[in-house]
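Asker: I'd like to ask some things about the structure below.
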Amino acid sequence: MVSPRTAAAIDRVKASIESEGVLSISGIRKEFPGVLALDDVQLRIRPGTVHALMGENGAGKSTLMKIIAGVYQPDAGEIRLRGQVVVLKSPLDALEQGISMIHQELALMNWMTVAENIWIRREPKNRFGLIDHAEMARMTAELFDRLNIKLDPRAQVSELTVAQKQMVEIAKAVSHNSDVLIMDEPTSALTEREVEHLFAIIRDLRARGIGIVYITHKMNELFEIADEFTVFRDGKYVGTHSAHDVTRDDIIRMMVGREITNMFPKVDCPIGDTILEVRNLTLPGVFHDVSFSLRRGEILGLAGLVGSKRSNVAEALFGVTPAESGQILIDGQEVQIRTPAQAMAHGMAFLTEDRKETGCFLTLDCLENIQSALITRSHVKNGFVQQREVTRLAEEMAQTLRIKTPNLQETVENLSGGNQQKLLIARWLLTKPRILILDEPTRGIDVGAKSEIHRLITELAAQGVAVLMISSELPEVLGMSDRIMVMHEGHVSGFLDRAEADQVKIMSLAAK
Amino acid sequence: MSSQDITARTAPHTQRRLPTEVNILLVLVGIAAVFEILGWIFQGQSFLFSLNRLKIMILQVSVIGIIAVGVTQVIISGGIDLSSGSVVGAVAMVAMSFAQVSTYARAVYPALTDLPMIVPLLIGLGFGAIVGLINGWLIAYTKIPPFIATLGTMVTVRGFAKWYTKGQPISFPTEGFAWIGSGMMPVLIFILVAAIFHVAMKYTRYGKFTYAIGANAQAARVSGIDVERHLIKVYVIAAMLAALAGMVVAARGQTAQAGMGLAYELDAIAMAVIGGVSLNGGRGSILGTAIGMIIFGVIISGFTFLRLDAYYQEMIKGAIVVAAVVADVHRQQKRRKAS
């Protein structure tokens, strides 16, 4: 029997969890070198609810979730779990305190069985101190029964589908008796049926009183599964509302509305004839029936959220990962582009999204970085690079782009992000491209360098270069583009003219 | 005004660094000085000022130095080649079998004796090229790690060397063939090879592409470089240089045995690493490796000079290689912190 006093205490805790939420955070601030990722952010998750997190790319959702899951430490702010202030030192610590995260890239051990993955570090032992596999399988089966998951506990994880792996992760979280479950875009790789099953499980977890944080870009999911939602924008808290009394447009309006500052104004320049035409470009499972055309002097902005496969289209155009069907026409002639070298032969250039991964040669000097694309096609005689001429061209380009480095012999890893980006632009400008594909040309660089790059893109367009510019920053897309193409999950969801485009219209197309 | 941007505005942490080769040269001077001092203390004589000792020292390391020139290119491209020692053994056997004199009654190919020196030389280089093609193809197109691919060819090619004459050594080369290993020839060949590839790595497209692929293969691909084809070239060159080394060894000893060149690949890798070639790829030079080779030679002949037991020498050699890799990792970390 519980004494009246204890019962009263329990009631008080229950009441406080009801009002404060099972998890409540406030004043969270997180700074990375040069970027304020989160600024005075709050969030309150009530038990037995599904709480959706919404926001554009780079709004700070993922950073916040990593803080809640113990991956990052906040620079300031307070995290309360069941009313108590807690410090989450590591993902393991967060897990032990009752917070589970299901990662976008699933974190299971492929070569072990389902049961081994769930009970790792907590394996049941037999009397010899060895792992009792029979007992472990029984415990797993019991857990799966409760969750209505149909999976063989002894199956090897590498054999499972993405959806099944997710089930395993959810079961693992439940087995830890977690109070809070974080799901980061869980449906991005699921079929419709699998999504239904996942939602059934989520509703069941909700009925058990678990607080579920659900990150998504998909509006329809929000209306189907969420009870409440919170919107972030540029690392700031915008608001929390019930999911039952809002419309799509309300949410979009909360998500956009980023301020347009430090933009180099676009100069209108004459647009020439069509240089690139893409018809029904398809890479099965990635993007489908992508068609568009691009004209000389035109800047075509390409907008879309994470998972819209914008970059994959660019990679296909440039032959990095070619498409499987569809046509690419340059100057009206159909061309085959299977390698970057072939794309370059047609006058294309491609500034990739990830400077460090696919752009810079960090261990080499500036000169080598600038000349690498040029010398694949010209300025080589009998195998020898015509270094004097190439160096002169590189120096001129470095001056035109105002690359700040003591000299071109400086190793690139010592340069700032903005200068590295300019260096890569210099690399491609040396090849005198007619079609320039830019994937996030100003990501992660400071404001000054940003507007210089904007000015440069505009100048190139004025010289007749056709530009395809992928960007996650709506102000950049709106400010720079003559036309805007929006993608959603591998499909083109619409085109907008410069005159009619605004942030709400783009987001409506991007977040169907 | 724009030239000012280039010269005047120096970022805070970009003070001019000396080339890595200078540091390695300083290490060489330091080690030589230590042996000189120890020489006067324990042996009562100079270590360095003995022309004969220096000659032997450089001869000892030149053959492996030839291999190291190729291995350096492989490592700069971001790979590794473990097959070079086996190529030495196999090519020694194959080339020698086409280089025998007719006066020797039990030649491998009695009908093919007294051939001009160029014949076994080309056959040996051709054999090396085939091994290199296999290495390069495996690495570039099957995408298996270079370590595994070349470990496989290392074992297979050594097996081939033993099978070739069922383990019998091959001897009695023509004077012409023996010439390439005589006197200071190994040193001359090393210098020639090192000079050619120093120029190739610094001034030709081949060299630029090799560095680019080792620094960032993805970025190299996007720059329009045919990464796969280029890697095959690099492994072919490395294996041909190992083949050349094999023929020099056989010619010098005037005999070929299947076990020749055992563990040479490790010494060659050690020379490159001591010479500042980064095992992560994209960093290092032939000049550095040449200095690394001399450091290697100074240490070995220094120990011999001090009459240190050969067993100790091997153990210390291993420790030096590990120390060089640790130094490389440490340099990388320091750079990462700086940027």
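Cβ coordinates come from backbone N, Cα and C, glycine included.
Per TrEMBL, the features are:
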TRANSMEM  B:22-42  transmembrane segment
TRANSMEM  B:54-76  transmembrane segment
TRANSMEM  B:82-105  transmembrane segment
TRANSMEM  B:117-140  transmembrane segment
TRANSMEM  B:146-165  transmembrane segment
TRANSMEM  B:177-201  transmembrane segment
TRANSMEM  B:232-250  transmembrane segment
TRANSMEM  B:285-306  transmembrane segment
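Could you tell me the structural context for the features on the list?
Answerer: Sequence-distant neighbours of the transmembrane segment (B:22-42) (same chain, 6+ residues past either end, Cβ-Cβ under 8 Å): 48, 274-276, 288, 291-292, 294-295, 298-299, 302, 305-306.
Long-range neighbours of the transmembrane segment (B:117-140) within the same chain, counting only residues 6 or more positions beyond its ends whose Cβ lies under 8 Å from a Cβ of the stretch, are 79, 81, 83, 87, 90-91, 94-99, 146, 149-150, 152-153, 157, 174, 176-177, 179-180, 227-229, 231-244, 246-247.
Long-range contacts of the transmembrane segment (B:285-306) within the same chain: residues 20-21, 24-25, 27-28, 31-32, 35, 38-39, 42-43, 47, 53, 56-58, 60-62, 64-65, 68-69, 72, 194, 197-198, 201-202, 267, 270-277, 312-313, 316-317, 320, each at least 6 residues beyond the stretch ends and with a Cβ under 8 Å from a Cβ of the stretch.
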Asker: Give me the stretch from B:54-76, B:82-105, B:146-165, B:177-201 with the greatest number of Cβ pairs under 8 Å to the transmembrane segment (B:232-250).
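Answerer: Most contacts with the transmembrane segment (B:232-250): B:82-105.
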Asker: How about long-range neighbours of the transmembrane segment (B:146-165): same chain, 6 or more residues beyond its ends, C-beta under 8 Å?
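Answerer: Residues packing against the transmembrane segment (B:146-165) from afar: 74, 79-83, 85-87, 89-90, 92-94, 97, 108, 131, 134-135, 138-139, 258-260, 265.
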